[in-house]
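Each remark here refers to the structure printed beneath this line.
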Amino acid sequence: FDANRTLALSSAALEFHVNPWDIMLCLSGTVIACENAIVVAIIFYTPTLRNPMFVLIGSLATADLLAGMGLILNFAFQYLVSSETISLITVGFLVASFTASISSLLAITVDRYLSLYNALTYFSEKTLHYVHLMLVGTWGASLGLGLLPVLGWNCLDDASTCSIVRPLNRTNLTLLAASFFVIFALMLSLYFKICKIVCRHAHQIALQQHFFTTSHYVATKKGVSTLAIILGTFGASWLPFAIYCLVGEREYPPVYTYATLLPATYNSMINPIIYAYRNTEIQRSIYMLFCGCFQTNGSYRSRSPSEV
């Protein structure tokens, strides 16, 4: 009897398997959460990081931190406490978090454009007012989109309306994909205008000095290349999943959904590297946090997004 019982338990253990894609999503969420938790802690506990640029970077890091935690919770609930109610809550949480992340990227782009277009008045109270409005709009819209599945915009009652991401229905997923394309188009337009302003500034400096030095050319080229990397990374991460949301059907193999969703999560993994860890102010705060003996000689001032 004991032998048969042991054999039955072993068979049950063998039947329980974990999807490797879910494991990779969970690992991705763990890395995302750890990276962005450091950024959030640094900005929160450093009094000098209070200007509009760092407030928006903090918003982005918070959104990505929540997205990473959402991926971890989704994995845990899926295999430990599986229920339709919890599935709706976790999916809504992920939708809100990733929407806030993408919207925060747009807000950072707007801030960088304003810092160049209105350089003389950037550090005024008016800019801080704009930042607060963008934060309210970003998190308000993200929370609204995240609540839609919980409030009934799902396919639990009618499986024929399900999208490639269950329990979201096709209308809901189409709305999310359309919102992404609108944000991506706005970012593309703003970064194009930023490139024009940067090139015009470099040309004006060259005229004032009566010649165009190699350093000016290198600086301009580096700035344009940085903007191309930012847009290229964002597009390469999210475009495959956004396009598949529009053309995919629920009958398609789930591997297609996983293969396009996993790169999208990498954007939240790369964001702190692009927007936070490359910033000298945040680097200095990290050194002071982990190496209390770090000292700097001379004065220190916070730079604007245009300088960064």
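For all residues, glycine too, the Cβ spot is worked out from N, Cα and C.
Note that this is a predicted model, so its numbers are computed, not measured.
According to TrEMBL, the feature transmembrane segment maps to 20-46 (among others). If you look at the transmembrane segment (20-46), the same-chain residues 6 or more away from its ends with a CB under 8 A from one of its CBs are 54, 57-58, 61-62, 64-65, 67-72, 74-75, 78-79, 254-255, 258, 261-262, 265-266, 268-269, 271-273, 276-277, 282, 285-286, 289.
On the 0 to 100 pLDDT scale, the model's mean across the domain 'G-protein coupled receptors family 1 profile' (35-275) is 86. If you look up TrEMBL, you'll see 35-275 marked as domain 'G-protein coupled receptors family 1 profile'.
The transmembrane segment annotation in TrEMBL covers 53-80 (among others). Note on the transmembrane segment (53-80): residues 18, 22-23, 25-26, 28-37, 39-40, 43-44, 86-87, 90-91, 93-94, 96-98, 100-101, 103-105, 107-108, 111, 115, 131, 134-135, 138-139, 142, 265, 268, 271-272, 275-276, 279, 281-282, 302, 304-305, 308 of its chain, located 6 or more positions outside it, place their CB under 8 angstroms from a CB of the stretch.
The transmembrane segment feature in TrEMBL is assigned to 86-110 (among others). Sequence-distant neighbours of the transmembrane segment (86-110) (same chain, 6+ residues past either end, Cβ-Cβ under 8 Å): 53, 56-57, 59-60, 62-64, 66-67, 70-71, 73-74, 77-78, 130-131, 134-135, 137-139, 141-143, 145-150, 154, 156, 165-168, 176, 179-180, 183, 186-187, 190-191, 194, 234, 238, 264, 267-268, 271, 275, 305.
The transmembrane segment annotation in TrEMBL covers 130-153 (among others).
Feature annotation from TrEMBL assigns transmembrane segment to 173-192 (among others).
According to TrEMBL, the transmembrane segment annotation covers 224-243 (among others).
For the transmembrane segment (255-277), the residues of the chain that approach it from at least six positions outside its boundaries are 21, 24-25, 28-29, 31-32, 35-36, 38-39, 42, 57, 60-61, 63-64, 67-68, 71, 98, 101, 105, 108, 164-165, 229-230, 233-234, 236-238, 240-241, 244, 248, 283, 286, judged by C-beta separation under 8 angstroms. Annotation source TrEMBL lists transmembrane segment at 255-277 (among others).
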